[in-house]
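Chemist: As annotated in Swiss-Prot:
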type     : residues : note
SIGNAL   : 1-17     : signal peptide
REGION   : 57-116   : region 'DWL domain'
CARBOHYD : Asn102   : N-linked glycosylation site
REGION   : 124-449  : region 'Effector domain'
MOTIF    : 217-223  : motif 'Nuclear localization signal (NLS)'
CARBOHYD : Asn341   : N-linked glycosylation site
Amino acid sequence: MVKLFCAIVGVAGSAFPVDIDGGQSVGDLKKAIKAESEDITIPAKDLKLFLAKTEGGAWLPDDDQAALDLEDGKVHEDIQALIDGEKMKATWTIEDVLTANNMTKRKGRAPKSRQIHVLVVVPEGAFGSASETSKMDQLVEKVDKMYEQTVLGKRKYVHSEVTSTQGRQLLNDLDIRVEFVRTVPFDAGEGSSVDPYEWKRVIIENGEEVVLTEEQQRKRYRRYVEHNIGTVLKETQLCVIGVERGTNILTVKVPGREIELAGRTDLLILSDLVAMRPTEVQYLPGVKMLIEVKRDVKASNDFQALSELIALDLLVDDPVMALLTDLEGEWIFFWVAEKINSSARIHKAAINKPGEAFEVIRALLVQPPTAPADTDTTEIKLPYFQSPVKRLKLRKALPPIGEGGDNGGIRESIERYYDIASMLGPDIEMARAVARQVTRSIPTFSYFS
């Protein structure tokens with residue numbers, strides 16, 4: 001018997017377990033899923049099932065942002081990529097599917113708790129009234145966001161939820177360009193040989209190993225970072241702190257723009273006054289850098305790190321850096337470097353050895369905090385980076401605030417929708433029509449409308 005945790009895509013609610021024998025078919029699984037979800041009104045055979053298998057070949061953890069979005073009825077880009085792929089064939093047995101995808105006990109990937117295993121896609125209109133209400137609420141919420149963004153010009157980016165599309169939009173809104181810069185050979189310093197971080201695994205009841213999540217290991221990897229820069233921390237009166245979930249310390253409104261950045265990061269390196277008086281962290285005293293830790297670094301994670309860097313840079317007076325890392329072979333540094341013409345430039349450099357990365361961090365921490373009085377730019381030297389490394393405060397690089405585009409027709413439609421909704425309540429068909437009009441106004445999507 002296999003216990004599979006299933007989640008219905010686009011419908012708010014927790015994942016639910018379905019017990020099924022490995023020898024039963026995917027068609028049988030569809031029937032079991034329908035039996036567990038009373039609101040599904042279509043025949044079980046019309047359900048579409050997809051394995052919740054991540055890029056790294058593992059099951060989707062239930063605390064992954066994509067899984068959290070599922071619970072809220074949102075469709076994360078990682079989930080969209082999965083349901084755009086190959087669906088589970090109704091004629092295959094569950095064992096066939098797991099074996100073909102290397103998700104078996106023999107491969108160390110048998111389904112277990114705290115994971116999502118099956119994504120369920122239900123054709124539109126296949127739910128009962130309760131779900132229709134939920135879908136209407138979601139649509140109205142989307143129109144609310146369109147109203148804020150199109151009419152009021154407001155945008156809000158939550159760091160941990162920034163998708164590739166949103167990340168590019170943020171950079172475009174602020175006229176920021178990201179440039180990858182080369183690293184160069186450097187004579188290794190003392191103590192440059194550092195072992196990569198070992199992600200902790202635990203043995204569960206059935207004897208299988210499970211890798212703990214980033215959240216569960218924050219204290220442990222904080223100590224790993226602290227151990228490898230401890231001497232410099234002491235000399236510079238700095239410390240490494242882990243930012244607890246729910247502490248949205250990197251929340252800021254971009255000056256002169258209706259853009260808000262919100263959320264937190266994993267680690268901060270800042271004044272050791274915070275170690276003595278933890279509540280002072282809200283003021284970010286002497287902060288030097290943030291560290292965003294991912295067990296598996298993906299290209300899309302760049303945008304989360306960039307969003308966090310922009311927020312931290314705007315919150316403090318001195319230049320800062322961001323590091324995106326798996327604490328093994330991916331150490332990606334970001335910093336605001338310069339302004340060319342009207343665009344701010346954020347530079348990005350990658351290092352693949354922990355020892356070299358810690359040399360960069362140690363060198364960064366001993367740098368003087370501010371730029372000379374007669375210039376906006378600081379130039380510093382860092383090991384492995386091409387010299388000089390330019391640093392600039394983002395406020396100095398942001399372009400002047402320009403006039404908004406001609407969104408008159410869209411604004412009128414959304415304002416008209418709100419006028420009607422304020423008197424008669426939400427109208428789902430009108431909300432859909434407004435959504436379609438906004439979509440058609442976006443060049444990328446106008447081709448398909």
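Glycine too: its Cβ is placed from the backbone N, Cα and C atoms.
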Chemist: Is it possible to list how many residues within the region 'DWL domain' (57-116) are helical, extended or coil according to DSSP?
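Modeler: Counting residues by DSSP class gives 21 helix, 6 strand, 33 coil.
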Chemist: Which residues, sitting 6 or more apart from Asn102 (N-linked glycosylation site) on the same chain, put a CB under 8 Å from its CB?
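Modeler: The list for Asn102 (N-linked glycosylation site) reads Gly57, Arg109, given in order along the sequence.
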Chemist: Per DSSP, what is the residue count of the motif 'Nuclear localization signal (NLS)' (217-223) in each of helix, strand and coil?
Modeler: 7 helix, 0 strand, 0 coil
Chemist: Excluding near sequence neighbours, so keeping only residues 6 or more apart in the same chain, what lies with its CB under 8 A of Asn341 (N-linked glycosylation site)?
Modeler: none
